[in-house]
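Below is one structure, written out as structure tokens, with a few remarks after it.
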Amino acid sequence: MFPHEEKLIKERLGREPNEVEKAMLEVMWSEHASYKSSRKWLKLLPTENEHVILGPGEDAGVVKFDDNTAIVVGIESHNHPSAVEPYGGAATGVGGIVRDILCMGARPIALLDPIRFGPLGKERNRYLFEYVVKGIADYGNRIGVPTVGGETEFDESLDNYTLVNVACIGLMRPEELVHSYVEESGLLLVLVGNKTGRDGIHGVTFASEELSENAEEEDRSAVQIPDPFTEKLLIEATLEAVHTGKVKALKDLGGGGLTCASSEMAGKKGFGAVIYADRVPQREPNMNPMEIMISESQERMLFAVRKEDLNEITKIFEKYDLEWTVVGETIEEPRYIVYWNDEKIADLPIDLLADVPIIEWEAKSYDIEKDVQTPEISIEEALLEVLSSPNIVSKAWIWQQYDHEVQGRTVLKPGLDATVLKINDEHGLAFVSDGNPSYSHLNPYHGAMSAVAEVVRNLASVGARPLALVDNLNFASPERPEVYWSFIETIKGLADAAKAFGLAYVSGNVSFYNEVGKKPIKPTPVVAGLGKVKLENITTMDFKDKGDLIAVVGTTKKELGGSELYRIFGINKGIAPRVDLEREKQNVEGILKAIELKLVKAVHDVSKGGLAIALIEMAISGNKGFEVDIEKVPAEGGLSPLEVLFSESHGRFLISFEEKNLEKIKAIFDEFAVIGRVAEEMLIFKHENKEVINSDLRQVKALYNSLPSILGE
């Protein structure tokens, strides 16, 4: 809390807050809990369209899938905790987002894990990577919620740090929606789940400031302890309680603990709450009321129920062997009152906890984009280097640790353009996340647009029409003028792109102060998207049959700024790829039409690594080769063969299809060219009638599957 905020609190309260009140206010006025540096700008994001049932403002968003089915979706970050204690930090990140979905009344059915680390050449970064993956795997597997996708990236700006974002979706009938706020006084507040300990105390405060170089030792107590077995019981008990129709409000205890959950639940509609802190079951001896009120111990839920329904609801908790306690009640007067052994120890206007003034920091623009000469590297050398980059290689080592098929809904598995989950006998839900901090570093506006565009292309590539988006915005300190400017530009880019596609953001998260030892991370907006697909139309990236034609949709430009090629060869400048929204929409609609008309056998969007990597991914996925002519790729004039292959221009797809469908497909697209054919086993790139690359599929597979050897396994 800043000095001017402490002064304002004293003025509004008319006195100094006591120790307990001050601790609660520090939690609620933290950046992590209040969004005081971002709230103004988040209002620019579109939050409504025909699919949205419930937009931002509660624990998760709700999207209409059909008349009988709603999808609940949310995304959260657990960056600081995972950088300090990667296993526990990542595991509790999973637990927290699962409870966010659960407390809307939905059964969690799938997770995505967009995760980022420093270069794997350093032992500390490998340690963070391996234990974050293990934390996600262990927790998700034990609660029976599959991790079905995500993205994994390594970047120099994340040295000794990690970004752990987790998205979750849940399934429910629309009439089962439970809100996170009460609409009447006299309700009992029932705390259910784990006992309260000292873990996670000041967790949100710790997440609202930069980490020091010694954070691993200094801040370990701020990281919560995971208990997936209790979480599994909480999932089943909560859903059973919700199905009685007698749960009036529901919140999980996440950041800010009991203070945050109970004050938000009571205060949103102008009610107050009385809390009896001494009734809270304690895991550790001699806990004081301040510790109890702000502890962030995991696997705890807060239910609001009427007195006459208490017995019915608590019998459900007892059936699952979950401890429960009535810790308070809602009151008519808008105050937040805490008792300890019959002594009143805190008494605040409830809006003082939630009504945190906006902070608008200085914003200073920067311009580091600069066109540069692409180095003269042989295509063969470039391909070897890019294909074996940790950012490009197969991430099977990660997702093979996840039980991605538990619950039996997974139709398309990890490693493709998007995962697809079966929702009913006719339709599936596509789910994917994307972000590229290298683009955002060069141009935060266009970097943000690119994340949205890639999500839409990924969804279209599997045959899905986009429904809604969620966003997770990872930034360094907003007190840095350049960082705050990049955040504002990011919001503008996210807004413009979503509006162009007719999409809304239904939930999201902002994570500031991501830096270690005063080293800021790159701007890292992550966007996750949902799409609806007919099961019979699901399309995959793998080449199917020898002799099929291969074509490119879209134009390739000299847009290598932030590309994997430039990164590998140490080029930090260049022009970041631009999103031509009209062209992007046309090509997406064209792809969806071609899929619906059953004209194409394989579709893959072109993104990181450019055309060269996209072709190789299609070949490896289908266990086929190809022969393509670089000169036939639709490209702006003056591009070298190297630039054509490794540019990361947006709006592009690769497709394969039977030759008999060529004329019908050509009629759909403006920017389209056949560049080659699917072959048996060889991967051949030609230029000026010469083979510039002739490689065996087995050699390429060995490079593409080299992550275990990079990790020293």
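Placement of Cβ uses the backbone N, Cα and C atoms for every residue, glycine included.
Record check, Swiss-Prot: substrate site residues include SER77, HIS78, ASN79, HIS80, ARG99, GLN224, GLU296, SER297, GLN298, and the candidate from SER477, SER486, SER507, SER511 also listed there is SER511. Swiss-Prot names TYR35, GLY508 as ATP ligands; from the candidate set ASP471, ASP545, ASP548, the record adds ASP471 to that same site. Close to TYR35 (ATP binding site) in the fold, though at least 6 residues off in sequence, lie LEU42, VAL510, each with a CB less than 8 Å from its CB.
With every protein chain in view, the residue among the binding-site residues GLU76, GLU296 whose Cβ has the most Cβ partners within 10 Å turns out to be GLU296. It is 10 Å from the Cα atom of HIS78 (active site, proton acceptor) to that of ASN509 (Mg(2+) 1 binding site).
When the Cα atoms are compared, ASP471 (ATP binding site) and ASP100 (Mg(2+) 2 binding site) turn out to be 15 Å apart. Look at the binding-site residues ASP252, ASP471 and count other Cβ atoms within 10 Å of each Cβ; ASP252 has the fewest.
Nearest in space to ARG99 (substrate binding site), taking C-alpha to C-alpha distance over the recorded positions HIS32, GLU76, ASP252, GLY508, ASN509, is ASP252. DSSP classifies GLU76 (Mg(2+) 1 binding site) as strand under the three-state reduction.
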